[in-house]
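The next block holds one structure in the form of structure tokens; read it before the comments.
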Amino acid sequence: MADKRISKEHPQESRTLEHPQQQHSANASQKHEMSAHAANTMASDGDRRRASASGAADQALADLGYKSELPRNLSMMSILGLSFAIMAVPYGLSTTMYITLNNGQSVSVLWGWVLVSLISICIAASLAEMCAVFPTAGGVYYWSAMLSTPRWAAPVSFVDGWLTLVGNWTVTLSINFGGAQLILSAITLFNPDYAPAPWQTVLCFWAVMVFCALVNAFGSRYLHLINQICIYWTCASVLIILVTLLVMAPERRSGEFVFGHYDASASGWPSAWSFFVGLLSPAYVLTGYGMVAAMCEEVQNPEREVPKAIVLSVVAAGITGLIFIIPLLFVMPDIATLLKEAQPIGLLFKTVTGSSAGGFGLLFLILGIMLFSGIGGLTAASRCTYAFARDGAIPGHHLWSRVNKKLNMPVWALVLSTVVDCLLGCIYFGSTSAFNSFTGVATICLGMSYCVPVMVLLVRRREAVKHSPYSLGKFGLIINIICVVWIMFALVIFCMPVTLPVDASSMNYASVVFAGFAAIAVVWYLVYARRNFHGPPVLARTEALHSSPGQGGEEAGMRLETSISPPELLSEKDIR
């Protein structure tokens, strides 16, 4: 009876007394629901923040004259990985080792790297300063237009756009062509008598290009993951190569050789001048960082993340290069023997490890870096092509500027970049030193494309970037001057052959390739662009110059109001 009274007066308590396991289950269920609700709330908050950041970035892009067409799914680490992949320090130094060993050996390899690394940091900082103000896929050619006067905006951006385009194409070309040579050099580790015919090298190059294109086309949603894996693969490869070489080397060079040996007798150039010719190697490796500006429209906070990635990637590349170079010099075998090979890195690994298998194992790590670099280079080249075509600056621009909605990427721009590179690779049939020409024209074109907006910035007294989120402040002037002086000097030395004397097959055809593209650009400008190309379609030029999207504050895309009043701003009539 007592139990029944309790049940009637306190039904809930009765249920608790009679079924304690149900109460436990109910409590657990309630806690689970609360946890799920909290998780959903956090997820929705994160989604809202990402959506807000993307919306702000899209609006900022609209203010700069463009409609957002690409998904913003890349982070700062993804862009850092892409830049790191394009530079591909161990791979780049390996494929251009022949140049530095011919032109100064240890001093050129080590101190040339240090010198160019410091200069590259200055260039990267200059680009980052402008990128923070104008974060678009157009990159340097867009900046050139926005910084110029109305009269010069269109021709300056047209010239810089073609320099950027050719630079992107030829960097990708040199990466994958060098990779093809490296792949075939692996065969010589097991068969020293094997000498690949030109057609075999070109076919291998085409295969590498097609592979990179397919990854870009059908794996675009995974590019952020590929770029981040590249960082870990590169760091692990450098560490493995470093330890293996130092442990297995039968003998080591002295510190005097590593840090002070200089011998340019194999180059044929005057001894002092040979050092500067040898700078092509580090300059080529440290040249692709500006290409990642083409990815601005795929990043949520491009005004913050992309400039940061540009500078950090150069710093990281400089450090990685030193870690790779110094152990390599300590275990360097006979240099005269290495210079008999167009790609001596495989022979170096084989000699130090004492076996073909050991040499191939280390070379395999370098080949992995090459594939990451080839994929990344083609990614940036296709985005650059898309951005320039979008403004009507390329023949057939209506086709090349299309974005495939299913794949979320500019497929036709990717196709054009791939086909152009495959055609340029045929130069190897007429010149066995074609790789040196490709590296030279890539370095020249990208360097000049970086130089143009910096020169315009100097002429305009740096007014447009004084309030950039990444302003260089009082050091900006001297840093910009260093950039211009170096690039103009590099324009001369990188057109020169690596060794003397020269004949038709050993000539550096960088100037010929450069002149060929220049002729195409001039003809296209006279026939079409002079009347139809007016530079980037800016919706509000004055607003873009008076406010930069984002100061690095809490709210992405927040405008930075400046106090500048640049002269001769483009009016709506000028834009049309």
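Even glycines carry a Cβ here, placed using N, Cα and C.
TrEMBL annotations: computationally assigned, not manually curated.
Predicted, not measured: the structure shown is a model, and the values here were computed from it.
Per TrEMBL, these features apply:
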type: COMPBIAS; residues: 1-18; note: compositional bias 'Basic and acidic residues'
type: COMPBIAS; residues: 19-29; note: compositional bias 'Polar residues'
type: REGION; residues: 1-52; note: region 'Disordered'
type: REGION; residues: 544-576; note: region 'Disordered'
type: TRANSMEM; residues: 74-93; note: transmembrane segment
type: TRANSMEM; residues: 113-142; note: transmembrane segment
type: TRANSMEM; residues: 162-187; note: transmembrane segment
type: TRANSMEM; residues: 199-218; note: transmembrane segment
type: TRANSMEM; residues: 230-249; note: transmembrane segment
type: TRANSMEM; residues: 269-289; note: transmembrane segment
type: TRANSMEM; residues: 309-330; note: transmembrane segment
type: TRANSMEM; residues: 357-381; note: transmembrane segment
type: TRANSMEM; residues: 411-431; note: transmembrane segment
type: TRANSMEM; residues: 437-459; note: transmembrane segment
type: TRANSMEM; residues: 471-494; note: transmembrane segment
type: TRANSMEM; residues: 506-527; note: transmembrane segment
Top partner of the transmembrane segment (113-142) among 162-187, 437-459, 471-494, 506-527 - counted as Cβ pairs under 8 Å: 471-494
Stretch with greatest number of CB pairs under 8 Å, the transmembrane segment (471-494) reference, 74-93, 162-187, 199-218, 230-249, 269-289 candidates: 269-289
Interface present between the transmembrane segment (230-249) and the transmembrane segment (269-289) (three or more C-beta pairs under 8 A): no
Stretch of maximal Cβ-Cβ contact with the transmembrane segment (74-93) [cut-off: under 8 Å; candidates 230-249, 309-330, 437-459]: 309-330
Considering the transmembrane segment (437-459), which listed stretch of 162-187, 230-249, 411-431, 506-527 counts the most C-beta pairs under 8 Å: 162-187
Distal contacts, the transmembrane segment (411-431) - CB-CB under 8 A, six or more residues away: 168-170, 172-173, 176-177, 198-199, 201-202, 205-206, 209-210, 212-213, 216-217, 378, 381-383, 385-386, 389, 399-402, 404, 437-438, 504-507, 509, 513
